[in-house]
Amino acid sequence: MGWPSNSLIGALLCRPHTGLPSGEGQRRLGTSKPARPSPESAFSALTCSIRPASPCSSHVCGGTEEAIPQSHSATRAKMSMMNSMSRMRGQEKGPGYTQTEAVLGESMQRFGRELGEDSSFGLALIDVGEAMRELSDVKDALDMEVKQNFIDPMQNLHEKDLKEIQHHLKKLEGRRLDFDYKKKRQGKVTEDEIKQALEKFDDSKEIAELSMFNLLESDIEQVSQLAALVNAQLEYHSRSTEILTQLSSKMDERIREASGKPRKEYVPKPRPSLDFSITETHNGGMHGARSPGARSPARSPARSPAPLDQPSCRALYDFDPENEGELGFKEGDIITLTNKIDDNWYEGMLHGNSGFFPINYVDILVPLPH
């Protein structure tokens, strides 16, 4: 909002020359009286006093809205739209402004319940989450109190009272210009028109002066509104201190409970054992030789050792013959060695059957003579 400069104020206060001696002329004539503030200087003082009110109210409202997000005009517009949508859907109350404390409290309580009653940390999370929700309610109350008792009145001052004063000052400027125009055309403009222009100028000046005077004299209202802001902040911090003090006592109690719980010791579970006992098996007949790397060996229960009075070996794995000339056996079987075919194959006998078998399937007990 623009306000008239000091030079413009002086121009607004110009009056037509009446032919009477000025104050300086009266002093020269020896008729001067004690100096008193002129109406022009009083009007100028009023205007200078009221000029900072507009930027002051604008900046104070803006700063308060930054400090208290819910009081911000854009936020209020969004909340109003959401409340309207809620009413259209048949809900009693809209979602309102979500405080960060409420979001944090809900998250803490949810995870506290998931951890269960056996968890000291889970129980503590539930306690803190409940306190966060209470702090959110206290902050909601602060937001509404500040909006109703400080933000709204200050915005009303800025958007109504100060704009009305500005309107009167602009009207006063227009009537001053009209009076100056008619005064310069004196002789072409009747004296009644000039007097009428002067009367309109004086009327506008009185109205503007009265509106500025009333605003300055009613500053007790602005002081009361500022006190409402301070009291709302005091109530918020007092209630927050009370909630956090109670929460601190609960946390101390949770610490004592967790410290008093008997500590459990980890007892490892016994590992399962494997049975490596030797069992009797039967072989297949003699078949043809094959490559030892064709199949991977499979373990089977171990067999009892036989007397070692001749070249022999013990089977490490089951070997099932697939080709003619192979000698089949089971893990643990004692095989009599009859010949070494090459570095990979032996020839031996088991249960009257003769055949070939891979060296890597057996463990030599009594080697063949060189």
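Glycine too: its Cβ is placed from the backbone N, Cα and C atoms.
Any TrEMBL annotation is an automated prediction that lacks curation.
Per TrEMBL, these features apply:
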type	residues	note
COMPBIAS	254-268	compositional bias 'Basic and acidic residues'
COMPBIAS	288-307	compositional bias 'Low complexity'
DOMAIN	28-260	domain 'BAR'
DOMAIN	308-367	domain 'SH3'
REGION	17-42	region 'Disordered'
REGION	254-312	region 'Disordered'
Ask   = Could you give the number of helix, strand and coil residues in the compositional bias 'Basic and acidic residues' (254-268) as assigned by DSSP?
value = 7 helix, 0 strand, 8 coil
Query = Along the domain 'SH3' (308-367), what average pLDDT does this model show?
reply = 91
